[in-house]
Amino acid sequence: PVPCAAGAAPSGQLGSRQPGAAEPRSGAAMGARPLLLFLLLLFVGGLPPPTAGTGGNGNGEGDSSHQRSSGLGGSWHVTPWVLRDGRTLSLAEATQGGFPTRLRVLLELEGSELVLELEQNWELVLGTGTLLFYLPNGTRVTQEASQQEHCCYRGAARGVPGSWARLCTCAGLSGHIQLSDTRSYGLEPDTGSPPGRHIAYRLQEARLAPRACGQDPLDPPRPRRDKRAPPEQRYVELVMVVDHSAFQNYPNLQRIRTRTLEIASQVDAFFQPLGLRVALLAVEVWSEGDRVAVGGSARAALERFLRWRQEDLLPRLPHDNAQLLTGARFKDVAVGMAAQASMCSPARSGGVSMDHSVSVLVVASTVAHQLGHNLGMRHDGAGRFCHCSDLQHDRGCIMASPTGLTPGLSFSNCSRWELERSLWQGRGWCLSNIPQPPRLAGPPSCGNRFLEPGESCDCGLGVECTDPCCNSSTCQLVPGAGCATGDACCQDCQLLRAGFPCREAQGECDLPEFCDGVSPQCPPDSFLQDGQPCAGGGALCYGGACATRQDQCQQLLGPGASPVPSSCVAALNARGDERGHCGQLPNGSYLPCAPGDAACGLLQCQRGQGGAGGSCQGTLVPGGE
């Protein structure tokens with residue numbers, strides 16, 4: 001550890017960069033200032049013992065994960081059909097030569113015959129959906145996915161306004177169909193039945209085991225009104241990592257990849273109403289053994305995973321965030337854990353989740369919960385005046401303190417506000433870069449919401465396009481339009497003048513951006529160089545954010561929290577354990593801080609102002625352990 005000035009970034013939290021006069025925020029995560037709290041998602045009811053699968057590339061009988069408790073409640077069998085050129089085909093027949101760009105699926109749900117108009121969701125796979133796995137000798141293999149292997153779709157039900165569907169055809173048909181606020185269904189293949197047979201269930205009847213959370217209810221803040229989602233579209237470039245125990249629950253590598261695609265597709269659907277898209281860059285499978293130890297507590301597993309991500313994964317595969325999917329059971333019965341407000345940090349942007357249910361939606365809700373913590377969202381505790389549409393239908397919100405309700409499928413008003421606050425503070429600087437066509441998998445496709453060669457706009461499928469400036473069938477601007485709705489430098493289908501402010505400064509360490517009069521897009525985000533004083537000289541700019549210790553503690557523990565006195569920081573960080581340290585060694589042990597390095601160690605917070613009798617007691621996990 002090296003000494004650092006008050007307000008500088010503590011070691012072990014952030015990587016370093018060479019300062020520059022004005023650094024563009026583009027590409028993968030390179031260093032926003034994170035917070036040092038991990039939020040535990042705990043099972044009280046517990047899980048059944050995991051069942052080992054065949055793993056590897058063997059010819060397993062099927063996914064052993066389907067033998068786990070799914071909590072689907074009442075369900076029934078359905079058989080989906082594909083309509084093509086006047087013929088009715090089975091799903092297997094329709095996809096035997098590869099996955100088509102568009103699918104028209106006929107499905108009967110509770111007496112209603114539906115036709116789902118679906119198109120491949122290329123926004124989900126920005127790169128090529130790369131699969132990374134290992135040979136017995138330790139060699140890492142990279143397997144690119146062809147267009148025919150992209151099996152996830154999005155769309156809507158024909159003739160049902162406001163409906164939407166996210167379904168994957170990777171191994172049967174699985175995903176989420178929303179017809180209205182009161183009619184929402186899950187669909188999973190039934191591996192124990194003849195080919196083509198599926199299980200459908202009402203999401204209101206899917207239940208989780210009773211759970212509690214290691215986070216105490218936060219001090220109730222003042223009521224906040226709903227705010228609109230950020231107007232600028234942002235993208236989280238995600239890498240999913242599957243550990244060896246999860247790998248063993250499935251018969252082969254391809255099934256692992258498709259299962260992960262299905263989960264990522266649902267996570268993307270959860271975040272889309274917030275102006276965020278989650279794009280899966282790659283899936284890494286620890287097929288020949290874990291690259292880091294995953295057992296023990298969720299906290300220890302997360303620390304080891306984040307260190308591996310920074311040292312191994314990030315240098316060879318630039319990305320914004322990584323999530324570990326594990327089949328292991330943590331000794332603290334946590335099903336998920338993430339570093340709070342750590343998005344874009346090379347050291348802390350990630351989380352771990354258990355693959356604890358047969359239902360893709362249930363696991364995706366857990367992953368989205370962890371990703372929400374990375375984005376600065378806290379739990380929707382009692383007294384916080386949080387609500388979402390799910391609460392009207394006996395479901396929880398995604399960031400709710402876990403209960404036995406149906407897993408949350410939408411974010412609350414509190415989560416939306418906290419996301420906006422986090423972005424305003426500069427913690428999402430790596431999310432502004434717009435994916436370029438060369439990074440997209442497959443050929444140009446009108447309707448995928450990406451502007452590609454030959455297109456002047458792309459507002460999605462006809463059933464979902466609401467842009468008056470764009471013809472959804474041709475992906476060309478309508479006559480008289482100079483740009484498409486949705487770009488920051490476009491208003492009423494015309495380009496805004498040069499110098500028009502398109503992105504306000506998000507905090508005192510950020511810089512505003514202005515339209516150039518030529519492009520409908522706002523220029524890349526830029527910010528003051530690291531080390532500039534902020535907060536009246538009480539802190540320093542780092543990664544575009546002025547993160548004072550006071551602000552960090554209040555984001556972690558709620559209003560009224562504060563940093564411990566500087567004299568206590570030295571005593572606490574000299575302990576050399578998970579409650580006070582200056583970093584962690586590869587063997588899992590913690591480094592105690594030398595007296596001159598204490599300010600660079602773990603952030604130490606307290607509820608209120610000072611401990612009784614001058615005692616030094618920081619709060620790492622709300623409520624203790």
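Just so you know, glycine gets a Cβ as well, placed from its N, Cα and C.
In TrEMBL, annotation is done automatically, which means it is predicted and not curated.
Model, not experiment: these values are computed from the prediction.
Annotation in TrEMBL places Cys522 in a disulphide bond whose other cysteine, of Cys502, Cys509, Cys541, is Cys502. Zn(2+) binds His369, His373 as TrEMBL records it, and from the list His356, His379 the residue named for this site is His379. Per TrEMBL, the listed range annotated as region 'Disordered' is 1-26 (candidates: 1-26, 391-416, 599-624). Taken residue by residue, the domain 'Disintegrin' (443-530) breaks down under DSSP into 0 helix, 18 strand, 70 coil. As a whole-number mean, the pLDDT of the domain 'Disintegrin' (443-530) in this prediction is 86. Summary for the binding-site residues His369, His373, His379: the Cβ-based neighbour count within 10 Å is maximal at His369. Cα-Cα distance from His373 (Zn(2+) binding site) to Cys522 (disulfide bond): 27 Å (rounded to the nearest whole number). Here the Cβ of Cys522 (disulfide bond) has 21 other Cβ atoms within 10 Å, regardless of which shown protein chain they belong to. The CA atom of His369 (Zn(2+) binding site) is located 30 Å away from the CA atom of Cys522 (disulfide bond).
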